[in-house]
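Here is the structure we will look at, set down as structure tokens.
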Number of protein chains: 2
Amino acid sequence: MKPIQVGLIGLGTVGAGTFHVLQRNQAEIRGRAGRGIEIAMVAARNAERAKAFQAIVGDGVPCVADPQQLVDNPDIDIVVELIGGIEPARSLVLKAIANGKHVVTANKALLALHGSEIFAAAREKGVTVAFEAAVAGGIPIIKALREGLTANRIEWIAGIINGTTNFILSEMRSKGLDFATVLKEAQRLGYAESDPTFDIEGVDAAHKLTIMSAIAFGVPVQFDKAHVEGISSLQATDIKYAEQLGYRIKLLGITRRRENGFELRVHPTLIPASRLIANVEGAMNAVVVQADAVGTTLYYGKGAGAEPTASAVVADLVDVTRLATADPDHRVPHLAFQPDAMSNTPVLSMADVKTAFYLRLVVADQAGVLSRITTILAEHDISIDAVLQRESADGERQTDLIILTHDTVEGRMNEALAKMQGLPTVLAPIVKLRKEELA
Amino acid sequence: MKPIQVGLIGLGTVGAGTFHVLQRNQAEIRGRAGRGIEIAMVAARNAERAKAFQAIVGDGVPCVADPQQLVDNPDIDIVVELIGGIEPARSLVLKAIANGKHVVTANKALLALHGSEIFAAAREKGVTVAFEAAVAGGIPIIKALREGLTANRIEWIAGIINGTTNFILSEMRSKGLDFATVLKEAQRLGYAESDPTFDIEGVDAAHKLTIMSAIAFGVPVQFDKAHVEGISSLQATDIKYAEQLGYRIKLLGITRRRENGFELRVHPTLIPASRLIANVEGAMNAVVVQADAVGTTLYYGKGAGAEPTASAVVADLVDVTRLATADPDHRVPHLAFQPDAMSNTPVLSMADVKTAFYLRLVVADQAGVLSRITTILAEHDISIDAVLQRESADGERQTDLIILTHDTVEGRMNEALAKMQGLPTVLAPIVKLRKEELA
């Protein structure tokens, strides 16, 4: 059988990685897929990269500057989009689909924002859009959620799905350094981009979480409804206090089924230090899934990098090669559920989200302060799990008061916080972090 | 489209769990599969269970005592075999295949011993045998290995794939109890069978490992070549010494690619306490996979129990329902590789397996003992990583000497051990455990 013909758009880190993995493991991949997978054409804007590529492969594989040429090439069966960003990626993917080609992409931003449009177009043309590489790099989490756990009603997902921020948090904790110092170190080591905004502000994690929520709950991708909070204002002192209380702080993407909708939120989160996911260090990723039949499962691995991401891209190529022979109605649906089984469950507003809280208050070191604060919490029906009061040094007029609460809805907590913040004995803005037991 | 018709053989824990999950999550499962999955007939030897089942479902689903009736029923598309053991499971599965039915099974013993025969029969008839539930219960590890990591050359797999023994080891460590005491506790709690031999002697883990090795390396299942060692002779004192040296002891199934073949072994193993898998406690399972493109990935979850196992059985039912519409050449191959791509790489003998070792010697407390032992190791080219010598109490004439070695082949280690054992100052049989860095 003729090898399936692949067009590769983008020769950056992941594009080059995909090319190398396909070449190096050619025999293994053909042995598994039952059919060769051949890169028939490459598109790269960067002339230097194109030249270096041409030097490796010779003239056998044409490398063009204009990706339009590639998506219009009638010999190509599958288009692999690895340029990232919204445009021109969106137009190229839609054009490839219109031309009847299957698409493999690692582009989380594109799918989190325009997934509905893209999947609808693919359905209409009877082609598949595969995107394992868009979430958690090399970890086969899309496959696990969509096929492995297909028997289950998924209750919640909580993931460390951004390696940059997990590296920064690991370093802040183990070395006791502050955010700015560690960010510089991460940039020097290549773990953070020169403009790190998307990573450190939680946007990248929210893109990935949005895709997982759609697959888990059978809802459309709706990034615009996600609550997104990063780690740039997180202070080393809170990491330290959390540790004293038996918790680690991780940037988690959490999506959870509730009675009237589902939660969709990315924020720094305290989790018990004994949980497996609390011990995921450095740039590694991990996703915990809670589902009704299987219980808790966890998936761990590298969430980024040339070859880990290529591993997912190539797995998709093999899947698409196989699925292409099944009739479209019997392929794995893009978002796990058949289009007519999708639901319009709403995303809950943060005011309705229920979590426990970590509060740090800088208070005047005088009698009655704790009582006034606990009274406000009691008036809002918020019960206290633990209190940690720092010994104030001699002569100091202020001290840190840390409170862990039990679960409460965030709206109510915000009302209580406004009252506490108004007390003359509360001397600085109160730090509020969410806490999850993940059990 | 008419729901696919399933025949369920066995109404034990997993059989009942499968029935309940299919019923409870009917709507979700149909929404994902695009087609209903209906249990059309059940076979159960146990008359009481059959009666209880009939009381729940009414007369709509016939429940027969003779499974032969079920595999011969022309209305049934997929046979689910959940009775375990070799016979009559083997004959029933082969008969179902001969009758042109797809098969889903959780039977690891059957596949580890007779997989080659069963997969060949299935290939000939163009049907699929699915077995996600046979390895690590609800964790979708077969799917991950076979599809998720399909781009990779897999280097090694190391798994905690038996919950009973992991529960016992966790309890021995955390409570400092001995094996016999914890085994009784495990039996009382239902974590161990009344005859626990298959679990505690490592046989169950070896069945699962054998299946994973075939998928990872494209070799036939060959349980008879596996090295199988359990935990029944493991002593609490070695768990304690290991901990002092920074290690945990886990019963691991390890299969690893080497130059002249591959390793296939189950035995208690020291692993660094900082590894994620070292922190998998209680009856939980976890599998670490090292592969060339993706690096290290880990999969964690419940390895047994009614609903976790049912989760895997039902996922297979959905997969088979889908794949049935693809032509047989383009389905996922049973053992990941197409039959003509399988290799005959041999299983290495333990004498050729390379690991580090933990040795515990009971030695006379006198000058020159350590020097004689280290000389023997040096003569065999075995280098020492760490030594721990217990302080002997006043008046004691003997003491414990613990040695961690660097990597060496086991044949050489055994020669050195025979010499050490012959020393008059070595007062008891030497304890030898293997150590793996898993990195």
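Including glycine, each Cβ sits where the backbone N, Cα and C put it.
In the three-state DSSP scheme, A:G12 (NADP(+) binding site) falls into the coil class. Neighbour density for A:G12 (NADP(+) binding site): within 10 A of its CB lie 15 other CB atoms from the protein chains shown. Residues annotated as NADP(+) binding site in TrEMBL: A:I9, A:G10, A:L11, A:G12, A:T13, A:V14, A:G15, A:A16.
Shown in sequence order, A:F131, A:A134, A:V135, A:D204, A:H207, A:K208, A:I211 are the residues of the chain, 6+ apart in sequence, with a C-beta less than 8 angstroms from the C-beta of A:K108 (NADPH binding site). The NADPH binding site annotation in TrEMBL covers A:K108.
Under the heading L-homoserine binding site, TrEMBL lists A:E193. A:E193 (L-homoserine binding site) falls outside any helix or strand according to DSSP and counts as coil.
Taken from TrEMBL, the feature domain 'ACT' covers A:358-434. Under DSSP, the residues of the domain 'ACT' (A:358-434) split into helix, strand and coil as follows: 23 helix, 28 strand, 26 coil.
Of all the binding-site residues listed here (A:I9, A:A16, A:E193), it is A:E193 whose C-beta has the fewest other C-beta atoms within 10 angstroms. Confidence in the domain 'ACT' (A:358-434), given as mean pLDDT, stands at 94. In this structure the alpha carbons, written CA, of A:G15 (NADP(+) binding site) and A:E193 (L-homoserine binding site) are 18 Å apart. Taking CA atoms as the reference points, A:I9 (NADP(+) binding site) and A:E193 (L-homoserine binding site) are 22 Å apart. Counting only the Cα atoms, the space from A:L11 (NADP(+) binding site) to A:E193 (L-homoserine binding site) is about 18 angstrom. All protein chains included, A:G15 (NADP(+) binding site) registers 26 other Cβ atoms within 10 Å of its own Cβ. Sequence-distant contacts of A:V14 (NADP(+) binding site), defined as residues of its own chain at least six apart whose C-beta falls under 8 angstroms from its C-beta, comprise A:L82, A:A106, A:A133, A:A306, A:T309, A:A310, A:V313.
Listed in chain order, the extra residues whose Cβ falls within 8 Å of the Cβ center of the NADP(+) site residues A:I9, A:G10, A:L11, A:G12, A:T13, A:V14, A:G15, A:A16 are A:L8, A:G17, A:T18, A:A44, A:L82, A:I83. A distance of 19 Å separates the Cα atom of A:G10 (NADP(+) binding site) from that of A:E193 (L-homoserine binding site).
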